[in-house]
C-alpha cells in the first residue's frame with residue numbers, strides 16, 4: 001500500500017529550486033535611490049549656486065566637483081522621514097562659489113555630482129551631472145543705437161546688439177523710460193534692432209536699449225530720434241487789390257512823379273507754409289510767401305524830360321556837357337516820346353580855359369618827360385648806393401650780432417620766449433627803427449609793384465631777398481604781390497624789413513618782424529590785418545591768431561617738402577565781397593596763402609584739405625534764424641562757395657558750426673575744410689522775410705590812461721562791434737594810448753531798433769557834460785556793418801583834486817526783448833586794468849592731440865563700411881559732422897576717418913577732455929577695437945596737453 005503523505009524533503013527541495021524566480025521585496029524596499037538631482041546653473045559674482053541632492057535609504061551624501069571631493073564641513077545635511085511613505089531620507093546641499101570655479105584649474109566645464117551611500121559604503125549611488133557656469137555680461141554693447149533725424153513716413157532702424165554674456169541677454173527697448181510695445185509699425189528684429197516701417201511724429205523721443213541676464217543689466221546711452229515734417233505751401237490766395245486808376249488825374253500829375261510805376265495800382269496774393277506746417281525743425285517752404293503784379297493800366301502817357309544834370313568838368317578841348325533822360329514820366333501805352341536832345345555841350349567859360357588845348361598838351365608832355373628823366377637818373381644813383389651798401393654789409397657778416405637783453409616795453413613786444421615746439425611770428429606795427437641800426441642789407445628796402453589780386457608772403461629765403469643761410473640776424477619776410485613782367489614798371493610804396501635774432505627758433509623763418517605797408521593797393525589787403533606765418537613740412541602745424549579769432553590747421557602730409565604758409569585776418573570793408581542788400585557780413589576776411597614766389601598763384605600746393613577756424617557774430621541760440629553763405633576767393637574773385645544746407649556734389653568746401661552750449665569758448669566758431677588756399681568770409685541773411693536775425697556784439701568802454709586826465713573835462717567812448725575778435729583788435733589799434741575801463745560779451749543786437757546808451761549813478765564830484773541818453777538810430781548803427789561803431793560820453797569834474805571816477809552805463813535796444821546790459825565803469829586800476837599795449841601775438845605749434853600713427857590706425861579700422869554704420873559714418877553722426885557726408889568721401893587719396901579727425905582736431909581746440917570724449921564716443925559706437933587703440937595711447941601718454 002502506498003503512503004499518500006507528502007514528502008517534505010522533496011517539497012523543500014522544490015521550493016529551493018524555484019527560489020530564483022521570486023523577488024526579494026525587503027531588499028528592494030531598502031535600496032538607495034536619489035529622488036532630487038542637482039541642477040545645472042550659474043554662479044553670479046558674490047551669489048553662489050546651491051546644489052541640492054536627496055536620497056532615500058541613505059545615511060550619507062557627498063559631493064564631487066571637477067574630480068575633487070567637497071569638504072563635508074561645507075555640506076548642509078538634513079535627515080528625516082517622509083510623512084506619507086514612512087521612508088527615511090537624507091537631504092544634502094552645498095554652495096558653489098566663484099572661487100571654486102576659478103580655482104578648479106579645469107579647462108573644461110565645471111561639473112558636480114552627489115554620491116549617496118549607506119553606513120558600509122558598499123552601495124554607492126551617483127546622481128546626474130550638474131554643470132556650473134560663471135554668469136557674466138561685458139560692459140560695452142556690440143552695437144548701440146545712434147541718434148537719428150528722419151522725415152515722417154520713412155523707414156527707421158535703431159540697431160542694438162547685447163554685450164557678450166552668458167547666459168544670453170534679453171533685449172528690451174524703452175522710449176522716454178517706457179517699454180516699447182511692438183505693433184504693426186514698430187517691429188522687433190531678430191538681431192535686436194528696433195524697426196519703424198513708417199516713422200510717425202509720435203515716434204519722436206529718447207530711445208534706450210537694455211540688455212538683461214542673471215548676472216547684470218545694462219543700458220545704452222539715450223539717443224534722440226527726431227521725426228520732422230518739411231513744410232508745404234498752401235494754395236495761392238486770390239489776387240487782392242483794385243486796378244482802378246484815374247487817367248486824367250494821372251496825366252495831370254505825371255510830370256511831378258519820378259517813376260509813375262510807384263503810384264500805379266498793384267495786386268497782391270499770398271500763400272502760407274502750413275500744408276503741412278514744418279515741425280521739429282523741418283525745412284521751411286522754399287519760395288516767396290507773397291507775390292505782386294502790376295495792373296494793366298489803359299492810360300496813355302506822353303514822355304517827359306527829367307531835369308538837366310550838373311555840368312561836367314572841362315575837357316582838354318575846353319568843352320563840357322550835361323544830360324537829361326525821358327523818364328518823368330516815360331512814355332506809356334503808345335504815348336509820345338520826348339522831343340529834343342538828351343545831351344548838351346558848350347565851351348567852357350573863359351576863366352576855366354585860359355590857353356588852347358595844343359599848348360596844354362605840349363606843356364604836359366614836357367613835364368612828364370622831365371619827371372621821367374629825373375626818375376631815371378635817381379634810379380641809377382640809388383643802384384650805385386645799394387651796391388656799395390651790399391659790399392659794406394658783406395664785410396661785416398663774419399661778426400655775428402650778440403643778442404642784447406631789452407626791456408619788453410621798449411622792444412614793443414618783439415622778443416618772446418616760447419616753449420619747445422611753439423614758434424611765434426610777430427606782426428605788430430612798429431613806428432620806430434628798433435633794429436634798424438643793427439641790420440644792414442641791400443634788400444632792406446625794395447619797392448614791390450602793384451599786382452593782380454593774388455597776395456603772397458615773400459619769405460627771406462626767396463629770390464631778391466638777399467638771404468644768406470649763414471646769417472645770424474634771422475630771416476626777413478614781407479607782404480608783397482606776385483607780378484608779371486608787364487607790371488614791373490608800376491610804382492608802389494616802400495616796404496621796410498627788419499629782423500630779430502633773439503628768442504628765435506633754429507629755423508629763421510619761424511620768427512619774423514613785419515612792418516605794415518600803408519598802401520593797401522600794393523597788397524590787395526588792408527595792412528591793418530593781423531598775420532602769422534610758418535615754414536611747414538610734412539609734419540603739419542597749427543597757426544593761431546587767438547585775439548583775432550582765427551586758426552589754421554595744416555594736417556600731416558598736407559604739403560610736400562617745406563612750404564611757407566600764412567594766416568591773416570582783416571575786417572576792412574574794402575576787403576569784403578560785394579553783398580546783397582539783405583545780406584550781412586558775419587565774420588572778418590580770413591586769408592590763407594603761400595609765401596613762395598617760385599609758385600604760380602593758381603597752383604595748388606595742398607595734398608589734403610586744411611581746416612580754417614574763425615569766430616562769427618551770428619546769434620544762433622535760442623533761435624537760429626540765419627541762412628548762412630560762405631564766400632571764397634580762390635584766385636578768380638569772390639564767389640559763393642557754400643550755401644549751408646544746400647550742399648551738392650559741386651561743393652568743394654565743408655562748413656561746420658559749433659553747437660550752442662559748448663564750453664571753452666567754443667560757441668561762435670565756424671570751421672571750414674578747404675582744399676585750396678583762399679580768402680574766406682561768412683555772410684548771412686534771415687531765413688525768410690518774416691523772421692528777424694540777430695548778431696552778438698561786444699561792448700567796450702575806453703577812457704584816458706592817466707589819472708590826471710580826470711581832473712579836467714574828458715570823454716568816454718562806448719564801442720559796439722561784432723563779436724568776432726578781429727573787430728575788437730581794430731578798436732585796440734584805434735584806441736592806441738587809451739585804457740579799457742569795462743567790456744561785456746555777447747550782447748544780442750537786432751537789425752531793427754535804435755540803440756540807446758544811458759548814463760546813471762555818476763560818482764559825486766563829476767557831472768555829465770552832455771546828454772545822459774545817447775540814441776543811435778538803426779540807420780546809423782546799420783547792424784554794426786561798419787567798423788568801430790561808438791559814441792562819446794563827455795564828463796566834467798566839479799573838483800580840481802578829484803580823480804577817482806565811476807559811473808554806470810546801460811546799453812539797450814528799443815523794441816527788443818534782449819535784457820539791457822549794465823556796465824560798471826571805473827578808473828580804479830585794481831578793478832579793471834587793460835591798455836592798448838595788449839596786441840595780437842600769432843603763434844605756431846607743431847603738436848597735435850593724436851599722433852599720426854594713432855590716427856592712421858583708427859582710419860584703417862573705421863574706413864571699412866559696415867551694415868551697422870559703426871564706421872566713419874557713425875563717427876561723423878556722433879560728432880555732428882553728418883550734414884554733408886559726401887564731402888569726406890570725395891577725396892580718393894584721403895581717408896574719410898582722417899578728415900573727420902582733422903575737423904575734430906580743430907573743433908576741440910582748448911578742450912582738456914577732447915581725447916577722453918572721443919574715446920567714449922567710440923565706445924558708445926560699439927567699436928572696442930578703436931577704443932583699445934586710444935586706451936593704449938592714453939596709457940602711454942596719460943597727461944594729454946590741449947594744444
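The count begins at 1 with the first shown residue.
Placed from the backbone N, Cα and C atoms, the Cβ positions cover glycine too.
Taken from Swiss-Prot, the feature disulfide bond covers 53-112, 160-209, 243-295, 247-299, 273-285. Feature annotation from Swiss-Prot assigns domain 'Ig-like' to 43-141. The feature domain 'TSP type-1 1' is assigned by Swiss-Prot to 230-300. Annotation comment: Swiss-Prot describes 302-354 as domain 'TSP type-1 2', evidence class sequence analysis. For 206, the entry in Swiss-Prot reads N-linked glycosylation site, with the evidence type experimental evidence.
Features per Swiss-Prot, on structure.
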{"residue": "53", "record": "disulfide bond", "DSSP (3 states)": "strand"}
{"residue": "112", "record": "disulfide bond", "DSSP (3 states)": "strand"}
{"residue": "160", "record": "disulfide bond", "DSSP (3 states)": "coil"}
{"residue": "206", "record": "N-linked glycosylation site", "DSSP (3 states)": "strand"}
{"residue": "247", "record": "disulfide bond", "DSSP (3 states)": "helix"}
{"residue": "273", "record": "disulfide bond", "DSSP (3 states)": "coil"}
{"residue": "285", "record": "disulfide bond", "DSSP (3 states)": "coil"}
{"residue": "295", "record": "disulfide bond", "DSSP (3 states)": "coil"}
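Comparing the Cα of residue 160 (disulfide bond) with the Cα of every entry in 53, 243, 247, 295, 299, these being the disulfide-bonded residues, the smallest distance points to 53. Of all the disulfide-bonded residues listed (160, 243, 285, 295, 299), 160 sits in the most crowded Cβ setting, with the most other Cβ atoms within 10 Å. Checking each of the disulfide-bonded residues 209, 243, 247, 295, 299 against residue 285 (disulfide bond) by C-alpha distance, the shortest gap belongs to 295. Rounded to the nearest whole angstrom, the C-alpha distance between residue 299 (disulfide bond) and residue 243 (disulfide bond) is 12.
Annotation for the disulfide-bonded residues 53, 209, 247, 273: lowest Cβ count within 10 Å of the residue's own Cβ, 247. Secondary structure by DSSP for the domain 'Ig-like' (43-141): 8 helix, 53 strand, 38 coil. For residue 53 (disulfide bond), the nearest of the recorded positions by C-alpha distance turns out to be 209; the candidates were 206, 209, 273, 295. When the domain 'TSP type-1 2' (302-354) is classified with DSSP, helix, strand and coil residues number 3 helix, 11 strand, 39 coil. You'll find the Cα of residue 209 (disulfide bond) roughly 63 Å from the Cα of residue 295 (disulfide bond). Closest by Cα distance to residue 295 (disulfide bond), from the disulfide-bonded residues 112, 247, 273, is 247. When each of the recorded positions 112, 206 is scored by how many other Cβ atoms sit within 10 Å of its Cβ, 206 comes out lowest. Nearest in space to residue 112 (disulfide bond), taking C-alpha to C-alpha distance over the recorded positions 206, 243, 247, 273, is 206.
Residue 273 (disulfide bond) is 28 Å away from residue 243 (disulfide bond) when you measure Cα to Cα. On a Cα basis, residue 273 (disulfide bond) lies 28 Å away from the residue listed as 'N-linked glycosylation site'. Using DSSP to sort the residues of the domain 'TSP type-1 1' (230-300) gives these counts of helix, strand and coil: 13 helix, 12 strand, 46 coil.
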